[in-house]
Each structure stands twice: as C-alpha cells, then as structure tokens.
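Undergrad: So TrEMBL has the following annotated:
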BINDING   A:S7, A:S8, A:G9, A:G10, A:A11, A:D12, A:S13, A:T14, A:V15, A:C16, A:V17  ATP binding site
BINDING   A:C197, A:C205, A:C208, A:C211  Zn(2+) binding site
Number of protein chains: 2
Amino acid sequence: MKALVLSSGGADSTVCVALAVEKLGRENVATVSFEYGQKHDRELICAQKIADFYSLKHFVLSLENILKFSDCSLLKNSTQAIEHKSYADQIAEKGEGKVSTYVPFRNGLMLSSAAALAQSIYPEEDCEIWIGAHADDAAGQAYADCSSEFTQAMNQAISIGTYGLVKLAAPLVKFNKARVIKEGLRLKVPFELTWSCYEGHEKACGKCGTCIDRLNAFEENGVKDPIPYEE
Amino acid sequence: MKALVLSSGGADSTVCVALAVEKLGRENVATVSFEYGQKHDRELICAQKIADFYSLKHFVLSLENILKFSDCSLLKNSTQAIEHKSYADQIAEKGEGKVSTYVPFRNGLMLSSAAALAQSIYPEEDCEIWIGAHADDAAGQAYADCSSEFTQAMNQAISIGTYGLVKLAAPLVKFNKARVIKEGLRLKVPFELTWSCYEGHEKACGKCGTCIDRLNAFEENGVKDPIPYEE
C-alpha cells in the first residue's frame, strides 16, 4: 500500500504526513503540493521542507490554469484583500457559509489530481490519498469541500474511477483544530517548519482566519506555537 | 440555470451540446475543452468549430501539468502506440478492463475542473456540468470513469463541495453508442464537424477502438458517417 499525502506546508497536512509515515513507513509515503496561483509561495517552500524532514519523495502539480477565472482572495490575480477575521465572524457577518478564501472546488481538484498522479506513478498498486481536512474548516460551511460528507463522496468517485485502486484517507475529518495539533504534538511534528498564514509576509500575520484558528488550537493545548508572528 | 458542457469535439459530447442547447437555450450554455497532452489537437479544433456552430462561449483549460507522469497511449509523451482493436477485443485479450487509452482519472479531473470553472464564472448561480459519457464506454470496465455509478458519485461530491450550486448531468450514461448517434440525428448535430479517432491523421483511421465504435453506431442507424476515413 502506497500513500500520497496532500501537503500544503500547513499544520494540518503536516500532521497527516506524520500519521501516514507512522502507519505505512516513509518508503511508502510521498507528498504532493499544488501551485494554484496563490498570492505567495511560502506554503510551497514549507511543503518541500516537510518532505525533506521526513525524507519523502515530493511532487508539485499546477492548478493555476484551471483556476485562472477565479477571483478568490487567496489568488494573486484577485481584486479582493484577505479578511482579518475568524471564519466564525465572517460567516456571522455574511449570514452564510463560503468564506472569501474558498478557492472554487479546490479540494475536489486536488484530490482528483492526486488520484490521477497515483494512477500514473503506481498504475497497478493500491494507493491512499491522504487529506488533512478537519471539522473546524467545515464548520458553518466555511469550506464545503472539507466536510466528511464531501470526502466520503470523493472517495466513492475516486475508487470507482480508478478500478478500486485509489482510495481516500481523511484521518482528521472529525477532529477540531486543537485535536489536530494534539495529534501533531504526540507525533513530534516539526511545526516550526510549517506555514498556515494566508498572507505572505516575513512573519505570520496572526489576524487572518487560519492564523486565528492555529493560535487558538496551540493555546488550547497549552503549548506556544513555534513560528514567529507579527506584533 | 447555466450549463457547461464538456466538449471533446467528438460525437458523444457534441450530442450533449445539442441536448443542452435544446433544453436551456444557447444563451445559457457554454462549452469547455481540455488540453491534457494528447497526441494531436484535432479534437480541440473540432470543439471550437462546434462552439462556433452553436454560437457558444468556449473555454479551454489545461490538464497537461497534472498528467505529466502518465504513460497512457493517448498522450504525446507516451512510449505506447494506440491499439487498432475494439474495446471488447482489448478487454478479452487482457482478461480485464482498463484499456491502454484510459487516461488516469481523466473524467474526474475534467468534471472537477469544470466545477471549479463554474464556481469561478457563475459564483452565485446554479450550473449543470454536462458530460457525454455513455454505456458502451463503461462496458466491461473499459473506462471505469464513464459508468453511471461514477457520475453519480461525482455529482454528489461536486454538489456538496460547491454549496449545492453545481450539479452534473449525464444524459447519455444509459445509452449505447448507436442510441447516442440516433439522438444526434434527431437533433441535426453537425457530425461532419466532429472528430473521434485517437490517431491525428488527415482522415480518421477507422481501426482504433473509438473509430470502430463510431462506425458501428452509424451503421446501426442506417446512416453513413459523414467524416472521411482512410482506406
């Protein structure tokens, strides 16, 4: 059994990498990151560092062409700035889910691309695609493509479309972010190498949705987040 | 309601285009084609001609980067030649499905990309992604990603992942190829503008899996296929 872990260089997907290595051994694990036209490349640099840390083969695929018509605030061609609010506050303000950092069907694109990659590099072998989606990202429909209903449906589609060879694993999908960090602490994940912030500054901004979630999650574990934040 | 029709420039997807135009009106229909590193660009040229014929907006997205590790015989970097046999004969010979022209999870990639495109260009509107998958392509598991089980699972994933705004329509999924052509004849589809052959010669080869299927389907309808074939 092989595993291909979606690695964004962030905390959640790095916990996923560590779990896959624990379960299957590093010789059976590879990581894959995506260029999708994001405003900065810090997450791609971190994903490479994580792969190096665990001595894993690392792939980079580009979705930039597919997303060229999107105005999502995470993309460099967007007219929108990144909001400095928690997801919960953004949803409360708009009265509905779908935050401005929702990249159109991104998880569907990444999972489909990883399935195609798995069938390309391991055409005859069983392979699991691991994704670090967790419950807080799906809460209030902030990101509809992070829910367990979504990963279950994608698992079904990918399994059928690859002759049963490729399946999904979403080990964190029922966890909140604090529980994800707890799992990472158990696994001695090198959180100092990860990057979550939506901004691409020298230090993490501490104010965007994902920074707020990350800081709270470390605090709930009584541990200081090892990456530097702006004052 | 908008429709985005996957258009390969072939017979099946062009029947799908005609059906979408009949149902929703051309002002609500657009087409999308994919560059995925195929050996020839005849299908892309034909897809543009079909869009022009129906006066539809036409998008072209590239999956080439995602499929760069594949050795599928349809791709220009492949070491494999295209087989000059029917799908049924290929499957009988190998004793299993998955023909050599199966592009890794291609329909999953195309549907996910179309869903992302729909959410980019119609962020607040209902949109159907139309796909011309039909029963003969799924028969014997030649293409696992053409079955109705597959399109149902993808519909589920896409609907959940796009806040219920994007759905799939696979109107031909239970039809055999002859029934697809019959539907096209009813709709006066310009079959002379379409291209199905896997080879990129001046005329269709008449010998690859898709040529054999197409010729048989026209014959079953008692109609001559209007495109020229090699002797």
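Cβ atoms here come from the backbone N, Cα and C positions, even for glycine.
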Undergrad: Just to confirm: which same-chain residues, 6+ apart in sequence, have a Cβ under 8 Å from the Cβ of A:C205 (Zn(2+) binding site)?
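TA: Same-chain residues close to A:C205 (Zn(2+) binding site) (Cβ under 8 Å, separated by 6 or more) are A:H84, A:C197, A:Y198, A:E199, A:C211, A:Y229, A:E230.
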Undergrad: Taking Cα atoms as reference points, which of the binding-site residues A:S7, A:A11, A:S13, A:V15, A:V17 is nearest to A:C208 (Zn(2+) binding site)?
TA: A:A11
Undergrad: Other than A:C197, A:C205, A:C208, A:C211 themselves, what residues in this chain have Cβ atoms within 8 Å of the centroid of the Zn(2+) site's Cβ atoms?
TA: A:I82, A:H84, A:S196, A:Y198, A:E199, A:A204, A:G206, A:K207, A:G209, A:T210, A:I212
Undergrad: Taking the recorded ATP site as A:S7, A:S8, A:G9, A:G10, A:A11, A:D12, A:S13, A:T14, A:V15, A:C16, A:V17, identify the other residues of that chain whose CB atom sits within 8 Å of the mean position of the site's CB atoms, giving them in sequence order.
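TA: Other same-chain residues with Cβ inside the cutoff are A:V5, A:A47, A:I50, A:G132, A:T194.
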Undergrad: Ranked by the number of other Cβ atoms within 10 Å of their own Cβ, which of the binding-site residues A:S7, A:S13 ranks first?
TA: A:S7
Undergrad: State the three-class DSSP label for A:V15 (ATP binding site), counting H, G and I as helix, E and B as strand, and everything else as coil.
TA: helix
Undergrad: Given a separation of at least six residues and a C-beta threshold under 8 Å, show me what packs close to A:V15 (ATP binding site) in the same chain.
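TA: Spatial neighbours, sequence-distant, of A:V15 (ATP binding site): A:G132, A:L172, A:V180, A:I181, A:E183, A:G184, A:L187, A:V189.
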Undergrad: Under 8 Å Cβ to Cβ from A:A11 (ATP binding site), same chain, six or more residues apart: give me those in sequence order, or none if nothing qualifies.
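TA: Looking at Cβ-Cβ distances below 8 Å from A:A11 (ATP binding site), excluding near sequence neighbours, one finds A:V180, A:I181, A:G184, A:V189, A:F191, A:T194, A:S196, A:R214, A:A217.
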